[in-house]
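J.: In case it's useful when we look at the structure, here is the feature table from TrEMBL:
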type	residues	note
DOMAIN	9-69	domain 'NLE'
REPEAT	92-133	repeat 'WD'
REPEAT	134-171	repeat 'WD'
REPEAT	177-216	repeat 'WD'
REPEAT	224-264	repeat 'WD'
REPEAT	344-385	repeat 'WD'
REPEAT	386-427	repeat 'WD'
REPEAT	428-461	repeat 'WD'
Amino acid sequence: MDMETVNNVMCQLTDREGTALEAPLYLPQDAGPQQLQQIVNELLRNEEKLPYSFYISDEELLVPLETYLQKNKVSVEKVLSIVYQPQAVSGSVQSQKPVLSVAFSPDGRHLASGSGDISVRLWDLNTQTPLFTCRGHKNWVLCIAWSPDGKHLVSGSKAGELQCWDPQTGKPSGCPLVGHKQWITAISWEPVHLNAPCRRFVSASEDQDARIWDVSLRKCVICLTGHKGGITCVKWGGDGVIYTGSKDCTIKVWETSQGKLIRELKGHGNRVNSMTLSTDYVLRTGAFDHTGKIYSSREEMKKVALERYNKMKGNGPERLVSGSDDSTLFLWEPAISEHHRTHMTGHQKTVNHVYFSPDGQWVASASFDGSVKLWNGVTGKFVAAFRGHVGRVYQISWSADSRLLLSGSEDSTLKVWDIRTRKLKQDLPGHADVVYTIDWSPDGDKVASGGKDGALKLWMG
């Protein structure tokens with residue numbers, strides 16, 4: 001063996017799926033992540049040099065190969081398998097203020113984020129850099145929501161104002177929408193199968209009111225009043241009603257022509273934190289599907305969206321699941337009864353987020369007890385618990401095919417869980433602090449996350 005090969009180590013670069021990038025190659029032992037970045041960019045012939053992370057046996061490589069080999073007592077004669085993973089970290093752009101909300105557009109082609117630096121950003125997914133930085137809010141941007149036709153983006157702030165943006169230009173569509181007296185907690189758009197193009201959305205606030213706004217008229221058209229505590233979550237259902245969940249432990253159901261209260265769902269022993277509908281995925285994506293078809297008329301878009309909604313809903317009613325500070329979930333069928341169908345128990349602490357899978361077959365719940373639980377989406381029966389996080393789990397998100405579940409935690413990691421095997425499929429480390437917000441793109445091949453470290457990260461599948 002000559003001296004050159006002794007000082008080098010044979011490495012096999014692979015992507016996350018295990019596909020090899022060319023044949024194994026000898027790398028100098030003093031090569032670290034920066035040299036590996038250059039090599040991967042060259043081998044992939046990237047015109048724009050993209051940043052990558054590298055993992056050996058699920059541990060991120062942050063040191064030269066030599067240091068890793070010595071520390072882990074790995075023989076130089078073995079072929080070292082190194083997994084490369086693209087990512088975009090924009091901490092410097094985000095002014096080190098927390099990223100509080102991320103959301104992909106309904107067609108999956110665009111990404112928006114809301115930050116503690118009082119800006120909204122629209123991202124170029126090809127270069128993984130900000131396309132537009134949208135300014136106009138007076139305080140932290142707490143939530144953002146795309147209209148299901150993809151034409152509008154609305155953001156809500158800690159100061160209580162809402163702003164509508166044109167995603168094509170990054171410019172505000174009119175003046176801020178003012179009316180709420182406290183911070184905005186959630187935003188939900190009227191489904192496109194009920195009204196195309198999208199004009200109306202509902203906002204929820206700590207001020208105990210929800211407001212329906214018309215973006216064409218640029219004003220509030222209905223105020224939904226009656227809760228005795230701040231409203232924490234809101235959903236505009238596929239059959240036209242609005243659901244609001246509150247700190248007063250109740251969920252109220254409203255009709256949307258005059259804003260009349262239809263019914264009240266009672267049962268939780270503490271504040272309601274999160275709600276999810278069995279039709280969430282089709283309500284979010286409207287007429288957009290995996291084919292990427294562009295619709296020429298609003299009538300066609302509305303028709304396709306209605307077909308997708310009806311197919312998803314089937315013969316049964318739209319199902320609602322709520323999660324609470326009382327550590328439990330309830331499964332409801334609000335169109336049929338104000339009484340819950342199933343009381344779902346098992347978490348030890350606050351249930352912070354609940355989310356139906358795109359196919360409606362599963363419900364996942366994220367809790368401050370550090371676990372993620374999986375439930376049957378039709379019966380509410382407990383199926384499995386995913387354990388691995390060592391801190392509160394703030395949010396969850398599903399892959400478009402309902403086979404994988406993503407969770408983001410206080411422990412600074414994202415984890416991908418396999419629904420079939422009920423096991424951890426992948427760890428996505430990289431954040432330096434709490435992960436507050438995550439989203440899996442509706443087209444299934446991108447994941448975005450944001451957190452306390454001010455970084456927005458993007459993983460491309």
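Just so it is clear, glycine is given a Cβ too, placed from its N, Cα and C backbone atoms.
What's the neighbourhood like for these features in this structure?
T.: Per-residue confidence over the domain 'NLE' (9-69) averages 85 (mean pLDDT, predicted model).
Within its own chain, the repeat 'WD' (92-133) has Cβ neighbours under 8 Å at 48, 50, 86, 139-150, 153, 155, 157, 163, 165, 167, 169-170, 284-286, 288, 292, 436-446, 448-456, 458, 460, counting only residues six or more beyond its boundaries.
Remote same-chain residues near the repeat 'WD' (134-171) are listed as 97, 100-107, 110, 112-116, 118-122, 177-178, 180-189, 191-192, 196-198, 201, 203, 205, 207, 213, 215, 218, 283-288, 298, 301, 305 (criterion: CB distance under 8 Å, separation of at least six residues from the stretch ends).
Under 8 Å from some Cβ of the repeat 'WD' (224-264) lie the Cβ atoms of residues 182, 185-191, 193-194, 200-212, 270-277, 279-280, 282-283, 309, 313, 318, 320, 322, 324, 332, 334-335, 338, all in the same chain and six or more residues away from its ends.
Sequence-distant contacts of the repeat 'WD' (344-385) (same chain, six or more residues past either end, CB-CB distance under 8 Å): 273-282, 312, 319, 321-325, 327-331, 391-398, 400-402, 405, 407, 409, 417, 419, 422.
Long-range contacts of the repeat 'WD' (386-427) within the same chain, counting only residues at least 6 positions beyond its ends with a Cβ under 8 Å from a Cβ of the stretch, are 16, 58, 281, 290, 349, 352-353, 355, 357-359, 361-362, 364-368, 370-374, 433-444, 447, 449, 451, 453.
When Cβ-Cβ distances below 8 Å are used as the criterion, the repeat 'WD' (428-461) is approached by residues 16, 53, 60, 85-91, 94-104, 106-109, 111, 113, 115-117, 121, 123, 125, 128, 281, 284-285, 288, 290, 292, 391, 394-401, 406-410, 412-416 of the same chain, each at least six residues removed from its ends.
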J.: For the repeat 'WD' (344-385), jot down how many residues DSSP puts in helix, in strand and in coil.
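T.: Grouping H, G, I as helix and E, B as strand yields 0 helix, 22 strand, 20 coil.
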J.: I'd like the per-state residue tally for the repeat 'WD' (224-264) from DSSP, helix first, then strand, then coil.
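T.: Per-class counts: 0 helix, 20 strand, 21 coil.
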